[in-house]
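Enquirer: Among the features that TrEMBL reports, domain 'NADP-dependent oxidoreductase' is placed at 21-303. If you look up TrEMBL, you'll see Tyr58 marked as active site, proton donor. Taken from TrEMBL, the feature site 'Lowers pKa of active site Tyr' applies to Lys87. The substrate binding site annotation in TrEMBL covers His143.
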Amino acid sequence: MDLAAVNHSIPLSDGNRIPLLGLGTYGDPRTTAKGTALECVKLAIDVGYRHFDGALVYFNEHEVGQAIREKIADGTVKREDIFYCGKLWNTFHPPELVRPALERTLKTLKLDYVDLYIVELPMAFKPGNEFYPKDKDGKYIYHHTDLCATWEALEACKDAGLVKSLGVSNFNHRQLELLLNKPGLKHKPVSNQVECHPYFTQPKLLEFCRQNEIVIVGYCPIGSSRDASWVNVKCPPLLEDELLVSIGTKYKKSTAQVALRFNVQRGVVVIPKSFSHERIKHNFQIFDFSLTEDEMKAIEALNKNIRFVELLMWSDHPEYPFHEEY
């Protein structure tokens, strides 16, 4: 695969393209200073990033949108150079809420369209003003969701020009098949955003998605933070792996750069999240070396089927996707 810093996009099944390296923009709104996403996205565009992964529930889409608009205004990029992924949150699964949710994202971004809009999870919460609704006992309030009906509402959004491509996130193969086999399917999902890194290489899901022309977008591609509220902190630290260290030493690269290169070299999109200026620059420097076939196989063999992200607040839901192997 011919990858370059100036052009590393791959085709999607609907004729659009997605850059293999993007910047994740999640930041805990309780601890992230205002303006952080704005400055980091502007810096990332200057560094060469063209793909940004965001969500309404990150509470910073206004900053991400402002950064994109400012870099368009100063002539650094055109709108068509930027690939923005937004997400349909769990409280907006009923069909009549889908377009208003997307329009809310567009209004927040102050953009006319998003490039990719994905169903963030195959499970739903009770619709309403609360993003994380709980009952009087503090338990999350789930809501029955008809994924096919939700998908039809998304197809209408694509037909209306509000989004270029449609995808999903955290779907297992059975949930993907539900959409792929939907009677009257108009627009198939082009991507599935899931956890993917050398300790969790997703071989079965990756093969299933390749057979169905669905691109895997890998979150936590270099591991994750050690936030015990949503991360399994018992997981071994990926970036201290001896094999990744030794390969990094050979190429004068960090273990993070080796882990990122591994995934993009096998056609998996990566969206490392960072609000560190140095790491944003560092993570982009993966296009001046390539791994050998033997090195790729050795890294694949590191797979331990370890998830950093467990999404425990949904683990009691009947559609919790991680109960199944892939």
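We number each residue from 1, going along the chain as drawn.
Quick reminder: no glycine exception, Cβ is built from N, Cα and C everywhere.
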Enquirer: Which whole-number value in Å describes the distance between the Cα atoms of His143 (substrate binding site) and Lys87 (site 'Lowers pKa of active site Tyr')?
Expert: 18
Enquirer: Measuring Cα to Cα, tell me the gap between the residue listed as 'active site, proton donor' and Lys87 (site 'Lowers pKa of active site Tyr') in whole angstrom.
Expert: 10
Enquirer: Mind telling me which of the recorded positions Lys87, His143 has the densest Cβ neighbourhood, counting other Cβ atoms within 10 Å?
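Expert: When each Cβ's neighbours within 10 Å are tallied, Lys87 tops the list.
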